[in-house]
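Data first, discussion second: the structure below is written as structure tokens.
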Amino acid sequence: MSKNIKKIGVLTSGGDSPGMNAAIRSVVRTCAYHNIECIGIYRGYQGMIEGDFKEMGPRSVNNIVNKGGTILKSARSLEFKTPEGRKKAHENLVNAGIDALVVIGGDGTFTGAELFNNEFGYPVMGIPGTIDNDIYGTSHTLGYDTALNTVVECIDKIRDTASSHNRLFFVEVMGRDAGHIALNAGIGAGAEEILIPEEDLGLERLLESLQKSKASGKSSSIVVVSEGDKIGKNVFELKEYVEEHMPEYDVRVSVLGHMQRGGSPSCFDRVLASRLGVKAVESILEGKSNYMVGLIQDKVALTPLEQAIKGSSKIDEELLRVSDIMTT
Ligand code: F6P
């Protein structure tokens, strides 16, 4: 264990995700386990620039393992994108005696951490926290599993109305430019069609698919649309398009929005957060820096931050096939 690291800072940045609190708890308690001081940094990089720090001990993270959001708050700091902002942040860390940082967030958070490391040689370690699951070097990001369960629960409820009224629903889900939430929740909820940015279905094939579905005896349909889908129409325009070409359908739209990002984390996310927090702190104590801790083939593993940022988290081809077969 490194003798040079006596105090570790932890922050959450970017969009909050369920499991971030469980990760903060894990970082704080792993520090305490190794007799290292831990400092919570509020509002991500913005709090680093403003010196918004608070000492955290194992009891300051009681009863948060089950809470959504982040007790440290989050922000997307524009000032941290400037050299002056980063210099101020670095001075605050040095003045507070903080020797290394654990950052919990998505690729924007990691880009900031990598830059900070390159500029000041400052030790950083990333924990992937985003519902989008769009980070290379981990099969799961914190919050993704919880978001999937939330989406499936919502679609199950929407289906009750869809089937009672013989309706077609377009359900828009989050995921930014990635279709992981749409594809997995779509399969889990038995959607008739799933539109994701990684695969261009095209408007004609969407109509064909809906016609086929109707002809096969289905009276209601759920189409899950990823917010980043590239079909060229948003969910409301898709509704108009289908109503125009298939007037027999009674179409509705449901945009699930930020309810997908909140709520109590699933058991999977809590356990993942606990594992990643331990590995992040212990890796810093072993003298490692500029990595992301993630899950690869169910083992906790390190990926250089640069790769985590630049690599892409590919859609599983097998799932695409499963989805095709399930919509038969
Ligand atoms: O990255 C998480 C996410 O929820 C995306 O799925 C979504 O595109 C985006 O954040 C929304 O960001 P905001 O809450 O800033 O509107």
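Glycine too: its Cβ is placed from the backbone N, Cα and C atoms.
These numbers come from a predicted model, not from an experiment.
What TrEMBL lists as domain 'Phosphofructokinase' is 7-283.
Under the DSSP three-state reduction, Gly106 (ATP binding site) is assigned to coil, being neither helix nor strand. Non-local contacts of Gly106 (ATP binding site) by the CB criterion (under 8 A, 6+ apart in sequence, same chain) comprise Gly14, Gly15, Pro128, Gly129, Thr130, Asp132, Asp134, Ile135, Thr141. Annotated ATP binding site per TrEMBL: Gly15, Arg76, Ser77, Gly106, Asp107, Gly108, Thr109, in sequence order.
Here TrEMBL flags Arg25, Ser26, Val27, Val28, Arg29, Arg159, Gly190, Ala191, Glu192, Lys218, Ser219, Ser220 as ADP binding site. The number of other Cβ atoms within 10 Å of the Cβ belonging to Ser219 (ADP binding site), over all protein chains shown, comes to 12.
Non-local neighbourhood of Asp107 (ATP binding site): Asp134, Ile135, Ala308, Ile309, each in the same chain, at least six residues away, with C-beta under 8 Å from its C-beta. Look at TrEMBL and you will find Asp107 tagged as Mg(2+) binding site.
Per TrEMBL, the feature substrate binding site maps to Thr130, Ile131, Asp132, Arg167, Met174, Gly175, Arg176, Glu227, Arg252, His258, Met259, Gln260, Arg261.
Asp132 (substrate binding site) falls outside any helix or strand according to DSSP and counts as coil. For Asp132, the entry in TrEMBL reads active site, proton acceptor.
Here the Cα atom of Met174 (substrate binding site) is found 27 Å from that of Ser219 (ADP binding site). Here Glu192 (ADP binding site) is positioned 36 angstrom away from Arg76 (ATP binding site), judged by their C-alpha atoms. Geometry remark: Ser77 (ATP binding site) versus Val27 (ADP binding site), CA distance 23 Å. For the binding-site residues Met174, Met259, the ranking by surrounding Cβ atoms (within 10 Å, all protein chains) places Met174 first. Proximity of the binding-site residues (Arg25, Arg176, Ser219, Arg261) to ligand 1: a Cβ under 6 Å from the molecule is found for Arg176, Arg261. Residue environment of Glu192 (ADP binding site) contains 22 other Cβ atoms, counted within 10 Å of its Cβ in all protein chains. Mean pLDDT for the domain 'Phosphofructokinase' (7-283) in this predicted model: 97.
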